[in-house]
Amino acid sequence: MSPEEVHLPNGIAWDGAKGVVYFIDSSTEEVRAYAADEQGIMRRSEDGALSWRTVTHRPSGLATVPDGMTIDTDGNLWVAHGESGEVTCYHPESGAVLHKVPLPVQRPTACTFGGRDLGDLYVTTRVETGEGAHKHHGGLYRIRIPGVKGVAPAYEYAL
């Protein structure tokens with residue numbers, strides 16, 4: 001990617017089965033899909049250009065900025081929308097909204113699946129300031145969504 005192509009890089013998710021890297025450009029409020037190899041490296045055409053398509057555009061009716069993102073076992077994208085107070089699940093091909101997960105705070109920042117069976121969606125939130133800030137802002141939320149599971153990491157990590 002060149003600086004001309006992306007202005008505010010943010011969330012990233014990789015679907016190894018489909019050979020696609022999903023990437024958020026928060027400045028354009030888009031989720032983009034790029035062709036990738038088995039290691040997640042984005043493919044370039046012979047002229048060196050990256051080939052991509054837009055999965056989602058600025059969501060209508062939301063004062064939002066897409067921030068963090070994760071992927072589930074069905075290949076659906078879960079996007080934390082800053083300023084919206086929710087995480088939204090999108091179909092990766094059509095961009096259709098499949099689920100909305102409302103939060104008690106206004107500014108989710110990132111999301112990922114975890115837990116023993118990867119069935120819990122964890123969401124971080126930004127600190128809110130000013131009048132009306134929720135008492136649990138700047139926290140970590142765990143949400144169980146029936147029938148939804150995250151993708152296991154491709155590599156094991158030891159801490």
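Placement of Cβ uses the backbone N, Cα and C atoms for every residue, glycine included.
Listed in TrEMBL:
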DOMAIN    4-125  domain 'SMP-30/Gluconolactonase/LRE-like region'
BINDING   ASN10, ASP67  divalent metal cation binding site
ACT_SITE  ASP67  active site, proton donor/acceptor
Fill in: Residues of the domain 'SMP-30/Gluconolactonase/LRE-like region' (4-125) by DSSP state, where helix covers H, G and I
0 helix, 66 strand, 56 coil
Fill in: Rounded mean pLDDT for the residues that make up the domain 'SMP-30/Gluconolactonase/LRE-like region' (4-125)
84
